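> Got a structure for you, written out below as structure tokens; questions coming shortly.
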Amino acid sequence: MTEIERIDQLREELHLHNYKYYVENAPVISDQEFDHLMRELQDLEARHPEHYDPNSPSVRVGSDINKNFVQVEHRYPMLSLGNTYSQAEVTEFYERIAKALNEDFEICCELKYDGTSISLTYENGKLVRAVTRGDGVRGDDVTDNVKTIRAIPLVLHGDGYPRQFEMRGEVLMPWKVFEELNRERELREEPLFANPRNAASGTLKLQNSAEVAARKLDSYLYYMLGENLPHDGHYENLQEAARWGFKVSHVTRKVKTLQEIFDFINYWDVERKNLPVATDGIVLKVNSLRQQRNLGYTAKSPRWAIAYKFQAERALTRLLKVTYQVGRTGAVTPVANLEPVQLAGTVVKRASLHNADIIASLDLHIGDNVYVEKGGEIIPKITGVDVASRPEGSEKVTFITHCPECGSPLVRYEDEAAYYCTNESSCPPQIKGKIEHFISRRAMNIEGLGPETVDQFYQEGLIHDVADLYTLKAEDLVRLERMGEKSAENIIQGIARSREVPYERVLFALGIRFVGETVAKKVARAFRSIEALATATLDDLIHVDEIGEKIAGSILRYFADEKNRNLIERLRTAGLKLEADEEDLAGHTDKLQGKSIVISGVFARHSRDEYKEMIEKHGGKNVGSISKKTSFILAGENMGPSKLEKARALNIPVMGEDEFLAMVGEQ
Ligand code: AMP
Ligand code: ZN
């Protein structure tokens, strides 16, 4: 078999395994075997760029090229659905249809998935375009991002599909993925997504498809459009689509009577809570496409369909008071304290108020009767006030002006909804939070210490900042409650061992705002010692790859503060690593700083992976495909003709292996 034949074979196999896993939920090979085949395909494809296929299973991993989206017009506008919360209106809908059609009809009952809608165009069995709903007339072309969604077929099975047609459906983020994502965001102190719908639509608009791939979106398709569709029945077309490899819902039912419709509604109003994805209602559609055409459209929505929305679970209770929590970064979050009330199976006593703007828009008063809802959100929220029952002379809720923990005045930064306490060095929750971050596993990894011990040491006055850890003695600790000699000794040893933690992790452990793990690594590589970093200018900082003004500003502010500089001196005295180890940096240079380099072809002196490593070691970035941002192409033998042509067109230099090695000073 030639390599080209093998590529075709692998593509076919991987499409099938992908379908078995993500659509049928019944994998036939292990994840490892799958990865193995994928790697083989990627290697072969890299050697044969002339055999490129935009729908190869390998495009599912995405690429780290940033893209701006192009707006495209929908072939058929994407309308919204008329919707109702009332069963009486469902009856009216049914009767209206019966009267207008004046013949037998069937209704297709479907779940209303709560994600973001997508329009997919297939030509000759291949996905060619994916567009968001946008304003209904035109949306964003998000094809590269959508290709990373495994439940969406890139190449269809079998035959019998029209040469060109459109599938519409919903892109979803499963609850589990959503919760995991929010947990991570919380750790990184990024704003949380309110519900899986926002998370899914936010993800589709990410500029980097590799990031989209990591978010594990799912999708259900629920409508087929085009000329020459196989059947007159919407339901029958969907079953056909399932045979071509689309993921369509198994629970869709075709019914005739109103009673059957209500049975479906009532069943799913309860059962939907056990589904892995969010739903917010059910959709009823007249099944026959001919009858759909007869019924037609209003300006906004089809006359042949209606959405029945489930009531979000809601309760009315009294607002007792508003308290404020201060987080590790000093962000102040208002919390509503409520008279306990039963809601969606739990007793609710507190609800998030998010920020000052939300309080103001609700016009909250203490003692108000408020509506609490638990919709897609994890934390219950207040959605309204029963103003009519407001007690006379009640006090309006105004956001606090000073920190409830330390009394410092609060500030609000431009473009941010939250208020902050900026007293980083003596506001208790901020101090404790900083120490907790410092000792955590990915930072200094000090064994034996945890949030409770930190709290205890702080309460006892043993530590006020991270440098105090290094002057603790076992004798001080054994005096504390619940502290044996052995554990005290372990803690002291754990602290001592942290002196070996490399500079880049110390940098992360300091907890400088916006300097997470990855940024710390970049910074440590660019500024080999903490002095070098402390004396860097704005200009020096923003020249480092991936460091923008926001991060640079935060680093400058950190070192401008004398308290922080003193802290660092004390950490130096304690013996922490505040500069990069020689061996750690072996051979690292910044010769390729800021360069985006594409590797193409087959090499004689080193492997592709070795070249990739070399590029990174010298501060450059290896990117997947050629764009106008590419600095140069590192080309071996047999560079693909299409790549070569693209490089020429964009005027991008092509460099051979020897020339490259000489440039970076390697053999
Ligand atoms: P709305 O946004 O409330 O007007 O509801 C219409 C939206 O519901 C559509 O744009 C789709 O994104 C979504 N939807 C979810 N499930 C379905 C379904 N089974 N059939 C049609 N639309 C659906
Ligand atoms: Zn404070």
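From the backbone N, Cα and C atoms, a Cβ is placed for every residue, glycine too.
Quick paste from TrEMBL:
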type     : residues                                                                                : note
ACT_SITE : LYS112                                                                                  : active site, N6-AMP-lysine intermediate
BINDING  : ASP31, GLN32, GLU33, PHE34, ASP35, SER80, LEU81, GLU110, ARG133, GLU170, LYS285, LYS309 : NAD(+) binding site
BINDING  : CYS403, CYS406, CYS421, CYS427                                                          : Zn(2+) binding site
DOMAIN   : 587-667                                                                                 : domain 'BRCT'
> Validating a neighbour-count step here. Other CB atoms within 10 A of the CB of ARG133 (NAD(+) binding site): how many?
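There are 20 of them.
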> How many Å lie between the Cα of ARG133 (NAD(+) binding site) and the Cα of LYS112 (active site, N6-AMP-lysine intermediate)?
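ARG133 (NAD(+) binding site) to LYS112 (active site, N6-AMP-lysine intermediate), Cα-Cα distance: 16 Å.
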> Using DSSP and three states only, what is LYS112 (active site, N6-AMP-lysine intermediate)?
strand
> Between the Cα atoms of LEU81 (NAD(+) binding site) and the residue listed as 'active site, N6-AMP-lysine intermediate', what distance do you get, rounded to the nearest Å?
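About 11 Å separate the Cα atoms of these two residues.
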> Where does LEU81 (NAD(+) binding site) sit by DSSP, helix, strand or coil?
coil
> Which whole-number mean pLDDT does the model give the domain 'BRCT' (587-667)?
85
> Quick check: of the recorded positions listed here (LYS112, CYS406, CYS427), which one has the Cα closest to that of LYS285 (NAD(+) binding site)?
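If we rank LYS112, CYS406, CYS427 by Cα distance to LYS285 (NAD(+) binding site), first place goes to LYS112.
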> Please give the greatest C-alpha separation between any two of the NAD(+)-binding residues ASP31, GLN32, GLU33, PHE34, ASP35, SER80, LEU81, GLU110, ARG133, GLU170, LYS285, LYS309, in angstrom, as a whole number.
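Of all Cα pairs among the recorded NAD(+) binders, the widest measures 44 Å.
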> When DSSP states are grouped into helix, strand and coil, how many residues of the domain 'BRCT' (587-667) land in each?
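Looking at the domain 'BRCT' (587-667) with DSSP, the answer is 27 helix, 16 strand, 38 coil.
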> Checking proximity to ligand 1 here: which recorded positions out of ASP31, LEU81, LYS112 have their Cβ closer than 6 Å to it?
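Those recorded positions that pass the cut-off, since their Cβ is under 6 Å from ligand 1, are LEU81, LYS112.
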> Considering only the binding-site residues ASP31, CYS403, CYS406, CYS427, which residue has the minimal Cα-Cα separation from LYS112 (active site, N6-AMP-lysine intermediate)?
ASP31
> Determine the binding-site residues, out of ASP35, CYS403, CYS421, CYS427, lying near ligand 2 in the sense that the CB is under 6 Å from one of its atoms, and give them in sequence order.
CYS403, CYS421, CYS427
